[in-house]
Structures are given as C-alpha cells and as structure tokens.
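I have placed the structure first, in the form of structure tokens, so that the comments after it can refer back to it.
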Amino acid sequence: MPDNYLTKNNWLIKAVLVLLLLTLFFWGIYHAASFLKPLSVAFLVALLMLPVSRKAEAKGINRLWSSVISTLIVTTFIIFIIGLVGYQANQISSDSDELEKKGKEQLKKLEKQVTKTTGLTSEQIQSYLKKTGATKLQNTAENISSGIMNSLMDLLLMLIYTYLFLYYRRHFKKFILKITTDGKKEEARKTMEETSALALHYLGGRFMLIAILAVCYGTGLTLLGVKFGIFYGILGALLSLIPYIGNVIALALPLLTATIYGSPTTIIGVLILFAVVQFIESYLLEPLIVGKKVNIHPMMTILVVVLGGILWGVPGMIIAIPYLGILVILFSKLKALEPVAFLLSDDS
C-alpha cells in the first residue's frame, strides 16, 4: 500500500522537494548577500573585460598584467562615475537655498489643494509633517551613511574578485572540464563559450545603449532648460540597467526638478522627451544593439527583476537578467531541465 501510494503520487513528492530546495536556495543567497553580491557582479564584469585581457595577451602582455590593466579600466570608470555624481551633488547642494525656496512655494500650493480636498487645516498638516519629518530625516541620514560605507567595501571586493576571475579563468575552466564526464567534455566547452559570448554580448550592448541614452537624455534635458540636465541624463541612462523600474525613477527625478524650477511647458517637454527616447530604445536601439540574445519571456523578466530586488536590492535587479539568460542556456543543455528553459525563454 505505501509503495503503491508513493508511485501514484511521485509527481507530488518531486514538487514538494523542488519547492523545499528552491526555498533553501533563496534563503541561502538572501543571508549570504554580503558575500555573494560583489562576487556575482565581479563575474559579469570579468566577462565584460575578457576581450580586453585577450587582446592584451595577444600583444605579448602576460596574464598578470593583462588582468591588472582590465581591472584598472573598470576602476577608472567607477571613479569617473563617483566623481561626476559627487560634483553634481555639490552643485545641487550649492543651490540648496533656491531649491528650498522653490520647494516651499510648491508645498504651499499643494497644502492649499490638500486643505480644499480633505478639509484638514494648515496647522494640522504642519503638525503632522513636524512629527514625522524629524525622525525620518534622522533615519535617512543614518541609512545613507551606512549604505555608502557598505557600497565602498562591496566595490573594493568586486574589483579584487574581477582581477582574480580574469587571472585564474583558465584554472576555473579546467576545473569544470575535470568534473565533467569524458563524453560530455566537448559539450561543456561549447556551453562555456556560448554562455560567455551571451553575457559579453548582452553587457557590451547594454553599456553601448547607456552611452547613447546618456547623450539623448542629457542633450534633451539641457535644451529644455532643466537644471542639472547632464547629470540626470547620465543617471537616467545608468538606471536603464534596471528593467522597467529604472525608467520610472529616471523620469521622476528630472520631472520633479522641472516641477520645482520650470513651467508647465518644461514638464510636458520632459514627458515627451522620455517617451520618445524610451520608444526609440525599445523598438530600434535595443533590437539592433542587444538583439534577442538574452531571449527571456517578458513575464519572467518582470518576476526575476522583482525577486532580485527583494533578495539583493538594486544590484540584484541589475544582474538578474544576464544571470537568468545564463541559466536558460544551461537548462537547455540538460534534458531534464529543457521544459524549464522553454518556460523561461520567449519563443514568440
């Protein structure tokens, strides 16, 4: 009887085991985030810098120095971005008096509207803002300070791991081939090459898109007269790495600035600019530059980005898509997991 029951309900037992393993897996990567985040980002950065290392080695530079050069290029890019953000933050800070004045004017208008709509008096609104504002401001300041320190440590670890991945890449490849059965070694080699090519194509394409978007957003916002237009342009382009959500945040910041400093015409101009640029990105630039190499179903894209955000925050949202693309390739090579690869991919 028990054997007969197990045979009949074999699918149910498998489903429970899969759910348990998935729960254990996600629990593990959530609690090991501080270790895994810089390691996971470094792996993708190392793949992106692989052509640079190979080109340097082809010119006679040894593995040690080619890895150092590639890591230094990444470091220079990060320093440039941090410097640019710092410079613009300083400019915003120097305009803080004007920003505060304009902000108060807009808040007064909003306050009048809230009073008309809800019937609350001006004193009640002010009292509520004073009660909640001080505590939130203190908590925000503490969170920002802690976040900056953690981010700097993660960046340092990421750069170290990037160098190590580049320098020891042949060692890791040999390890994978050693644990692969003799009949599957060639297939494993092809899978590694395909995975590497996919990640490189996707990341390289994304960074080319970032450069184009930065020029489009920065030029458009500057012509519209939006303050800090170049900064918002670069920030908006970088935020495009986060599918769907990044574009919303990228629009919200210049729109808020246009609301405080600009006119209704400027606000409409910002909305039109982002609508046009994002339309061109989705239907022209992305198919041409990135193509359909990371062939993931749109629903799965949204789900994995949300899951990445829950588990690892912004870094999780950014790296979710390339890693899911890698998983699709790996699953498609395994007979038992081919249906999962089909579910994740978009064959329309």
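Cβ from N, Cα, C; glycine included.
Just so it is clear, the model here is predicted, and its values are computed rather than measured.
Look at TrEMBL and you will find 12-29 (among others) tagged as transmembrane segment.
Listed by sequence, the residues of this chain that lie at least six past the ends of the transmembrane segment (35-52) yet keep a Cβ under 8 A from its Cβ atoms are 29, 66, 69-71, 73-74, 154-155, 157-162, 164-166, 169, 196, 199-200, 203-204, 207, 312, 315-316, 319, 322-323. Here TrEMBL flags 35-52 (among others) as transmembrane segment.
Same-chain neighbours of the transmembrane segment (64-87): 45-46, 49, 52-54, 56-57, 155, 159, 162-163, 166-167, 231, 234-235, 238, counting only residues six or more beyond its ends whose CB sits under 8 Å from a CB of the stretch. Look at TrEMBL and you will find 64-87 (among others) tagged as transmembrane segment.
Residues or ranges marked as transmembrane segment in TrEMBL: 148-168 (among others). Residues 34, 37-39, 41-43, 45-46, 49-50, 53, 63-64, 66-68, 70-71, 74-75, 78, 315 of the same chain, all 6+ positions outside the transmembrane segment (148-168), place their C-beta atoms under 8 angstroms from a C-beta of that stretch.
Sequence annotations record features per position, and here TrEMBL assigns transmembrane segment to 199-224 (among others). Listed as Cβ neighbours of the transmembrane segment (199-224) (distance under 8 Å, sequence separation of 6 or more from its ends, same chain) are residues 44, 47-48, 50-51, 230, 232-234, 236-238, 240-241, 250, 254, 258, 262, 266, 269-270, 273-274, 277, 280-281, 285-286, 289-291, 293-294, 321-322, 325-326.
Under the heading transmembrane segment, TrEMBL lists 230-253 (among others).
Per TrEMBL, transmembrane segment is recorded for 260-280 (among others).
The annotation transmembrane segment is assigned in TrEMBL to 300-331 (among others). Here the transmembrane segment (300-331) has long-range neighbours at 26, 29-30, 33, 36-37, 40-41, 44, 154, 191, 194-195, 198-199, 202-203, 241-246, 293-294, 337-338, 340-341, 343-345, meaning same-chain residues at least 6 beyond its ends whose C-beta is under 8 angstroms from one of its own.
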Same chain, outside the transmembrane segment (12-29) by at least 6, Cβ under 8 Å from its Cβ: which residues?
6, 36, 307, 311-312
